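Asker: Pasting a structure here, questions to come.
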């Protein structure tokens, strides 16, 4: 009896143990153990980290190379500018003539002095011939030109420049900056009693009808107004706008009458047709609602009434003013 009971217990335990063994034998990929999959995953993760580090390292080296190239380019430009500055200095300050030895004769002194003058004149001429070409190649416009010494060549005519420093105006005069749309400026000297029309005639002769002057966001339309009445003081900025030749500056009475040069509009205004079209659509929908009411549910009827009321208020608000 005991042996049979033990045998029955063993028979009842065997199916559970067999199921546990079957579950333990299940793998992610058939034919490949789970340990192999874990090792392969770890290797792939390490490779991904190494590749990410290498890519970051390469990007840093590339940026360093680019920074080095920019720095080297900046150094070369500084060297070129230094060379030009040296040439300009050589032109402005010619080399002094060597003093002859006191033991030499008077004839040798005269010859050496003549040769020294010729060499200095040749060097100054060579410097004057090289400088314009270098300025043309390097486009150096803001480089200050050094004046020659007292014994140099004949005086040159002064160049007129808008950006140069102007002399202080006489007492009673003010300086007004006329600024255009292309960010260029022109200095205008006027009296506070001068009018806007006089300012236009002085600095824009023949273009008074095309020029528009704007000060502090206000268009200066009245040519009889003085600068003092417009609170235009010294060093104020007036924006200038040049209109096309066909158009003129609108006067105070231009807004009362339509312009004669404005061409008539031949196109159809679509916005004005929206209200009639919507009225026709509402009329058609209401016609179908009255004659075929079986096709309209209660929510549809309520929505139609609401749209009609809203549209009526909108139309009365637009045309009832």
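Each residue, glycine too, has its Cβ placed from N, Cα and C.
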Asker: Check each of the ranges 87-131, 177-221 against Swiss-Prot and return the one annotated as region 'Disordered'.
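Answerer: That would be 87-131, per the region 'Disordered' entry in Swiss-Prot.
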Asker: So which range, 245-265, 266-286, gets flagged transmembrane segment in Swiss-Prot?
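Answerer: Residues 266-286 are the ones Swiss-Prot records as transmembrane segment.
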Asker: When you get a sec, could you say which of 148-168, 295-315 is annotated transmembrane segment by Swiss-Prot?
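Answerer: Within the set 148-168, 295-315, Swiss-Prot attaches transmembrane segment to 295-315.
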Asker: Do you know the DSSP helix, strand and coil residue counts for the domain 'Ubiquitin-like' (174-247)?
Answerer: 8 helix, 28 strand, 38 coil
